[in-house]
Amino acid sequence: MNPRIVLVGPMGAGKTTVAGLLGEALGLAVRDTDRDVEAAEGRSIADIFVDSGEAHFRALERDAVAAALAGHDGVLALGGGAVLDDDTRAALAGRPVVFLRVGLSDAVKRVGLGSARPLLLGNVRGRIKALLDERTPVYEAVARWTVDTDGRTPEDVAAEVAKVVEA
Ligand code: S3P
């Protein structure tokens, strides 16, 4: 099985929302590796980070991505940090990967300053800026297409993703 669309990008890019809209519009099943990790572990990502540490979460995430790439043929949204893993990047080669780009201010607005995401605790804006600076080149390297999301509705973004992937 091969996912028809794989969405990558940072927290606040709208991957989960856009994946849901694409699934509805194209009649495809939707999968999200964050939800897969939580379901397999029976606990939230925040709890996994706090109780077992980020390295453990990354190992679970790597397995969840590999399983989804092998076993899902719809729309797949990856957690924001999944592309940092070497095996994951190799597994994404040749796949229909779309990078949902987002700038700092829209990302901060979308995740909210009171975010429950463990990597953002303390200083949401500063942490997002650091993550965007560090990861943007990685997202660009794994993606076949980039779709800008700043100032746009998820519906508009999903329509462009469908268009570039089908083209
Ligand atoms: C993370 C992004 C989150 C989640 C975890 C770590 C990251 O996923 O996997 O909190 O490293 O960017 P979303 O991008 O779906 O929020």
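Easy rule for this one: first residue shown is 1, then count along the chain.
Including glycine, each Cβ sits where the backbone N, Cα and C put it.
Please treat TrEMBL annotations as automatic predictions, because they have not gone through curation.
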Further binder of substrate named by TrEMBL next to Asp34, Arg58, Arg135, taken from the candidates Gly12, Gly14, Gly74, Gly80: Gly80
ATP site partner of Gly12, Ala13, Gly14, Lys15, Thr16, Thr17, Arg117 (as recorded in TrEMBL), chosen from Arg62, Arg152: Arg152
Annotated binding-site residues Gly12, Gly14, Thr17, Asp34, Arg117, filtered by Cβ under 6 Å to ligand 1: Asp34, Arg117
For Gly14 (ATP binding site): intrachain residues, at least 6 apart, with Cβ closer than 8 Å: Leu100, Val102, Arg110, Thr149, Pro154, Val157
List of residues, in chain order, with Cβ under 8 A from that of Gly80 (substrate binding site) and at least 6 apart: Gly9, Pro10, Met11, Ala13, Lys15, Leu131, Arg135
For Asp34 (substrate binding site), nearby residues of its own chain (Cβ under 8 Å, 6 or more apart in sequence): Thr16, Ile45, Ala77, Gly79
Arg117 (ATP binding site) to Arg58 (substrate binding site) - Cα separation in whole Å: 15
Three-class DSSP secondary structure - Lys15 (ATP binding site): helix
